[in-house]
Amino acid sequence: MSKISVSFVEEKEHMRHRLTRYCDLVTGLALRDVKMRYQLSVLGLYWAVLNPLLMTAVWSFVFSKIFRAEGIKGVPYVVFLFCGLTFWNLFSNSLMTAVNCLTGNASLLSKLYFPRVILPTSSVMARLVDFAFSLIVLAILMVIYRVTPGCKLYWLPLLIVIELVFTLGLAYIVSAVNVLYRDLGQILSVLLTLWLYISPVIYTLEQVPPGIKDYFICNPVGELIYMEVNVVLGSGVVDPAALGVTALISAGVFLLGLLVFRRLESAFAEVM
Amino acid sequence: MPVIEVNGLCKKFMLRADRADSFSKMFNTLFRRANHGEDREFWALKDVSFSVPEGKSVGVIGVNGSGKSTLLKLLTGTLRPTKGHITVRGKRSSLIELGAGFHPDFSGRDNVYLNGMILGMSRARVKEKFEEIVAFAELEQFIDVPVKYYSSGMQARLGFAAATAVEPDILIVDEVLAVGDSSFQLKCLSRIREMQGRGVSIVLVSHGMGDIEAVCDEVLWLHKGEAVMFGNTGDVVREYRVNQGLPLPGHAGA
Ligand SMILES: Nc1ncnc2c1ncn2[C@@H]1O[C@H](COP(=O)(O)OP(=O)(O)OP(=O)(O)O)[C@@H](O)[C@H]1O
Ligand SMILES: [Mg+2]
């Protein structure tokens with residue numbers, strides 16, 4: 001017999017019922033997160049809308065006027081950049097908030113039991129609200145600059161789902177590791193800044209020299225943003241091979257994230 | 001079959017003076033000779049065994065720091081044992097310490113919903129039960145006020161009302177009745193009685209021997225993580241009172 005065993009025997013709960021319960025909880029926690037950002041702090045709308053707008057304004061000046069960067073042909077650089085940042089921020093802001101979601105809920109974690117993955121999951125879901133606001137602003141920009149959306153726009157939901165899967169996987173890892181090493185957040189923000197530059201947000205993949213371009217497939221977020229921006233603003237050709245590889249990597253990262261999370265989970269309550 | 005079986009349960013905490021809990025500290029220790037304060041092990045529970053028969057309630061008593069809350073956290077699943085076996089049969093609900101899991105910036109309403117969902121209810125179920133929870137806690141006028149403006153008693157009321165609304169088979173309560181006023185304590189006791197009538201097991205930690213005697217069939221006395229005594233409430237409480245130099249009922253003032 002093993003040294004440790006813990007078993008909680010409960011009446012078998014219907015799978016569907018359990019799922020509803022967990023979905024309710026994820027939604028509840030996500031809404032609380034959103035409420036905290038928008039109601040309890042004036043910075044809510046800043047992060048969702050103003051920050052990407054300001055970045056776009058400054059960057060589009062620097063990159064298009066000074067460095068002569070180009071986005072998609074026939075699309076004003078401002079719109080191209082804002083579009084890319086919208087999809088980038090969904091990823092980047094999710095990770096930056098997920099990294100603190102366990103450490104920030106210490107009292108909840110040490111007093112009540114629930115599947116811990118629910119916390120990083122809801123933390124990522126909460127960023128969908130910011131993302132929606134950003135999409136609205138993007139639509140307004142497209143109207144102002146008279147940019148017609150691509151004809152393959154129907155690909156977008158699938159691409160966003162894949163991006164979320166990838167983001168969730170990384171969110172599980174960073175939130176769990178941050179419990180053990182509390183300064184991961186600072187390191188993460190540096191890494192994300194570097195990551196932004198190797199992703200096609202301020203430039204397009206077409207401008208990358210062929211020799212280097214082959215390596216870009218290793219960066220699923222970059223690949224996804226490239227496809228998302230193209231679907232929204234450009235011709236919208238989605239390369240099925242690239243999409244397949246990206247989806248596979250994302251699924252792999254998601255599973256790896258769950259695995260890492262489970263390994264570190266037992267230590268959470270102790271060090272809180 | 002017993003609802004709770006605990007066998008040879010041990011829980012070790014590491015009390016590290018200088019835990020490398022950040023990358024920068026880790027980085028530092030790579031270059032300097034690691035200068036940890038000694039890694040001190042601390043056994044909060046040592047080889048504790050007991051079991052609770054179906055429908056019976058158990059109390060856990062002991063001085064501060066004896067491991068009572070640690071034991072309850074192991075039973076709810078927030079902590080994992082270092083060694084030993086735990087089997088809990090049935091749906092659990094718990095109320096660990098004051099304002100268990102309440103977020104101070106949010107209203108009582110938001111907190112009841114979230115707490116209810118964490119404790120195992122669906123959103124729809126909390127909605128059904130909401131009126132009843134608020135009525136039991138007698139907080140109709142304060143339900144939309146942030147919990148940080150609640151008194152300790154008010155938090156305890158809401159926490160207790162939410163935890164019991166789950167309709168558990170096992171209710172785990174850690175020192176929350178004490179802060180309520182006497183009318184609320186009576187109300188809690190009568191709800192506990194009613195639950196016991198339905199076959200619910202209660203696990204109660206309290207420093208109030210009156211509560212323990214009123215609720216529990218059996219009592220576990222912990223001291224420095226070890227089980228001093230486990231048995232019939234009357235016997236254990238009497239021994240504990242003698243040991244603590246507390247007056248025995250009936251001898252009061254003698
Ligand atoms: N996460 C932790 N890390 C290190 N030590 C801990 C941790 N949690 C509890 N302890 C230690 O375990 C011991 C038992 O704590 P516990 O909270 O179980 O006591 P208790 O019996 O509930 O006391 P009280 O009557 O004051 O509530 C204490 O000495 C405490 O310092
Ligand atoms: Mg305690």
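Just so it is clear, glycine is given a Cβ too, placed from its N, Cα and C backbone atoms.
For reference, TrEMBL has these:
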type: DOMAIN; residues: A:43-264; note: domain 'ABC transmembrane type-2'
type: TRANSMEM; residues: A:44-62; note: transmembrane segment
type: TRANSMEM; residues: A:74-91; note: transmembrane segment
type: TRANSMEM; residues: A:126-147; note: transmembrane segment
type: TRANSMEM; residues: A:153-175; note: transmembrane segment
type: TRANSMEM; residues: A:187-205; note: transmembrane segment
type: TRANSMEM; residues: A:241-261; note: transmembrane segment
Sequence gap of 6 or more, Cβ distance under 8 Å, 3 or more pairs: do the transmembrane segment (A:187-205) and the transmembrane segment (A:126-147) meet that?
no
Rank A:44-62, A:126-147, A:153-175 by Cβ pairs under 8 Å to the transmembrane segment (A:74-91) and hand me the top one.
A:126-147
What stretch, picked from A:126-147, A:153-175, A:241-261, has the most CB pairs under 8 A with the transmembrane segment (A:44-62)?
A:126-147
